[in-house]
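The structure under discussion appears below in the form of structure tokens.
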Amino acid sequence: MSQTQPFLARVANGSLVIQIIVGIVAGILLASVAPESAISVGFLGGLFVSALKAVAPILVFILVASSIANQKKGAHTNMKPIIMLYLFGTLMAALTAVVMSFLFPTTLTLVAGNATASPPEGIAEVLNTLLFKIVDNPVNALMSGNFIGILAWAIALGFALHQASDATKQVFHDMSNGVTSIVRFVIRLAPIGIFGLVANTFAETGFAALAGYAHLLAVLLGSMAVIALVVNPAIVFFKTKENPYPLVFRCIRESGITAFFTRSSAANIPVNMQLCKDLDLHEDTYSVSIPLGATINMAGAAITITVLTLAAVHTMGVEVDIATAVLLSVVAAVSACGASGVAGGSLLLIPLACSLFGIPNEVAMQVVAVGFIIGVIQDSAETALNSSTDVLFTAAACKAAEAKVASPNIA
């Protein structure tokens, strides 16, 4: 027994990233050697993702309400620069995707799509959906994982509790610590969950179905890599005036890898919250910016919408001028910010973007079907970029604010 405890302690306190890498390798090996067994352990991945999704809504609600209720007068949360970074980053992602699509034009072999969900008819419908999510029933928002609604109610409750007694505020603070402890335990299970996810994915698809769309995937993943490794670091450097890459690589390593395999920005919120805490960021800031980022910071979605739309344009032989391409970037960026309010996410916003070029809805839905075929990779990479950027921009804004306070005379 005395030997077992140190071993378990070493596992519990060991490097989570190394354990996740071991889980990935083990999952690939199991899928290669025994596909049936790999499929059977897929439930481990499902359990892990479900646990993250279950704890995320209550974590956001309690943490936001507690941080706002306990916020001291005159405290700054840096939310304005973070939101500006989110929006600017999403627009830059769409513009980068346009450039990549023109440099490496893609044509598609369209397939008959069986996507039964209805795409939105316009940006107004997307924005309308988001507005109604804000005034959702709080219980329903928690049950359905509607983070816009959860944020709205948590912020309102936090402000309402500003005048509450210290004892009441302490209760929320203690609840926040309790939920955070539960989240920390769930995150330690990531290696087991990712092992199940990887094993199941490799055993079921083998990625053979993706071979016919190698060029499209190369443009998609190339655009995301440019954003993650060139554009985002440039934005962070401009904001912080220091080497951005240590922070960039840490966000990719500790947030992006988990998000890649869970394929859910909502499920990755607890992971991002923990990373922000490890980075010693201000809780009043990240408790709001991280769930907000999971809703509106959608660089990956903007890339997906733009690349697949321009692939449809090239396939149909439609001529595109620079002005229309820029307009597409804006539409893709605005649509991407509303992607969380659409069933099917970024893929079902493709018909909306295709309508700019007069492409029939039937053809656009075939492009959506292609998106579902490559979704194993596309959705994973998109989520990894979206989620890791939430932490990156939050940290950049916090560091810039700290530097400004430390050197008030420097512009």
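Quick reminder: no glycine exception, Cβ is built from N, Cα and C everywhere.
Feature annotation from Swiss-Prot assigns transmembrane segment to 14-34 (among others).
Residues 141-143, 145, 147, 150-151, 153-154, 172, 175-176, 179-180, 182-183, 186, 189-190, 192-200, 261-262, 264, 266-271, 273, 283, 287, 291 of the same chain sit 6 or more residues outside the transmembrane segment (43-63) yet have a Cβ under 8 Å from a Cβ within it. For 43-63 (among others), the entry in Swiss-Prot reads transmembrane segment, with the evidence type sequence analysis.
Residues annotated as transmembrane segment in Swiss-Prot, with sequence analysis given as evidence: 82-102 (among others). Tertiary proximity for the transmembrane segment (82-102) is limited to same-chain residues at least six positions away from its ends with a CB under 8 Å from its CB atoms, namely 219, 222-223, 226-227, 231-232, 235, 239, 285, 289, 292-293, 296-300, 302-303, 305-307, 310-311, 314, 325-326, 328-330, 332-333, 336-337, 389, 393-394, 396-397.
Through the fold, the transmembrane segment (141-161) approaches residues 53, 56-58, 60-69, 71, 130, 133-135, 168-169, 172, 266, 269, 288, 291-292, 294-295, 340-341 of its own chain, all at least 6 residues removed from its boundaries and within a Cβ separation under 8 Å. Positions annotated as transmembrane segment by Swiss-Prot, on the basis of sequence analysis: 141-161 (among others).
Per Swiss-Prot, the feature transmembrane segment maps to 192-212 (among others); the stated evidence is sequence analysis.
Using a Cβ-Cβ cut-off under 8 Å and counting only residues 6 or more beyond its ends in the same chain, the transmembrane segment (218-238) has close neighbours at 85, 88-89, 92-93, 96-97, 100-101, 104, 106, 244-245, 247-248, 252, 256, 299-300, 303-304, 307, 311, 374, 377-378, 381-382, 385, 388-389, 392-393, 396. Sequence annotations record features per position, and here Swiss-Prot assigns transmembrane segment to 218-238 (among others).
Swiss-Prot lists 290-310 (among others) with the feature transmembrane segment.
The feature transmembrane segment is assigned by Swiss-Prot to 330-350 (among others).
Among the features that Swiss-Prot reports, transmembrane segment is placed at 357-377 (among others), with the record citing sequence analysis.
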